[in-house]
Structure formats: structure tokens, C-alpha cells
Amino acid sequence: MKIEAVIFDWAGTTVDYGCFAPLEVFMKIFHKRGVEITAEEARKPMGLLKIDHVRALTEMPRIADEWKRVFGQLPTEADIHEMYEEFAEILFSILPSYATPIDGVKEVIASLRERGIKIGSTTGYTREMMEIVVKEAVLQGYKPDFLVTPDDVPAGRPYPWMCYKNAMELGVYPMNHMIKVGDTVSDMKEGRNAGMWTVGVILGSSELGLTEEEVESMDSVELREKIEIVRNRFVENGAHFTIETMQELENVMEHIEKQELIIS
């Protein structure tokens, strides 16, 4: 079996180490309404279309209870749309600062292209948001062959439609000749639902939720424990393989090709 294409996520996978751009914005829009949410709660739905992310936060039992305590009722669709519009406005203003490619990504992409591998991408950001991210990422040397956003298909993650559209545009089939790489639970589900080899990247991921400085300064035993927690979470949600850094991806690819593995 030959791998012909790799589909990458963006924030937390190829750019924005730790996926911090949306995090504080989610926390801020709830705080403004007197409802405090934790960073862990804000990260849990990461990878979804952002309005779906806001909706998922309002459906978490603790947050829903706190909202009801403050407002006397559960959040409505009008509340969700109002918060999303506010989220988007703030995010647009900060996105240019969160499009830096993660160390090693550009080199891995170049190596894959030397092998004739096509590079696709999916995201939880809207097309309008991605226009900002792509523009900045290109200036810094990262540009996949194709991008699909949730705006381009009937539904975003965990549905497989963004991966299918990548496959059509890149001209690659069957789906098990492609690898999906991401940093969230919804990425793992997207890849598996699409019938692709699915790989979770840990360092720099939203699931790990650490800055580069925190990773470098953390006690090695504590860091290893956190890495293993994320690794297990990825596997439990469908990852065929996990890698700590993007530099390990080609080893995974060679393993799949040499062993003639079959997706199960």
C-alpha cells in the first residue's frame, strides 16, 4: 500500500503551538456574562466548527447549571449566536498572531512533497477566519495544496466530509491511501469516520494545552505523564498511531507501507 496524501489540521497541529488563539476568547465571552469556564472545559470541544464549539460548551452540565443560576434559564440558540458573533469578532483581531508554523512542520511537508505526497488540510475555523491564517502562514513558508473548511461542506467534524472533499480535489482514492493528522479528539473521529489512517500529534496539541516554554521547563516525569494521558485519549477516540512531534510522521508512514497494514 502506498500513502498518497496527508490531510493536516491547522491550529495545534501545523500552526499555533498549543492552539491558544481560540482558548481565551471562549473564556472571555462567557466571563462577560458572569459565567466562568475553565481552560480545560474551553478546550474539550476544540476542533469543531466554532459555533458548534460554543453550543457544546453551553451543553456541558456544569456550565449549563451555572448559566441557569445566573440567568434563571438555560442558554437559548439566540444566546449561542450572540456569543459566537462576539467570539468571531475578537478572534479575527488576533488570528494574525497565531499562524506561525510549529517547529519542524515545514521541513516535514517539504520531505513529503519530495516523495510525491499531496498535502491537504481541514479545520474548525470558518473560511473567513482561514483567509487570515493562510495569508500569514504562507508568508512564513507553510502552504498545503488544498484547504477545506466547514463552510465548504454540509457539516464539519466529526463528520468526514472535509476529508472526502480533500480526496476529490487532490485526486486520491481509496481513503486508506491517505493519512489524517490532528491534535484533538474531533480530528481522530473525523479521520476514522473518513476511513483514513488517523494520527494524533501530542506536543503542541490542544489536548496537551501547553506552551513551548511550559514543555521545556516542566519536570520530565510530569511531562511524560501528561503526554501519556493525551496519547491514551487519542487512541480511545480512534487514533491508529500517535506521535509526539511531526518529525515522527514519516516513520509511521513507512510502517504502514512496509507492513501492508489494513485499517480496522
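Quick reminder: no glycine exception, Cβ is built from N, Cα and C everywhere.
Long-range Cβ proximity for D9 (Mg(2+) binding site), meaning a same-chain Cβ under 8 A and a gap of 6 or more residues, is found for G47, S121, T122, T123, V181, G182, D183, T184, D187. Feature annotation from Swiss-Prot assigns Mg(2+) binding site to D9, A11, D183; the stated evidence is sequence analysis.
The feature active site, nucleophile is assigned by Swiss-Prot to D9, with sequence analysis given as support.
The feature active site, schiff-base intermediate with substrate is assigned by Swiss-Prot to K50. Around K50 (active site, schiff-base intermediate with substrate), the C-beta neighbours below 8 angstroms that are at least 6 residues distant in the chain are P22, Y84, F87, A88, L91, G124, Y125, T126, M129.
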Extra residues within 8 Å (Cβ to Cβ centroid of D9, A11, D183), Mg(2+): F8, W10, G12, T13, T14, D16, C19, M46, G47, T123, G182, T184, D187, S205, S206
Secondary structure at A11 (Mg(2+) binding site), reduced by DSSP to three states: strand
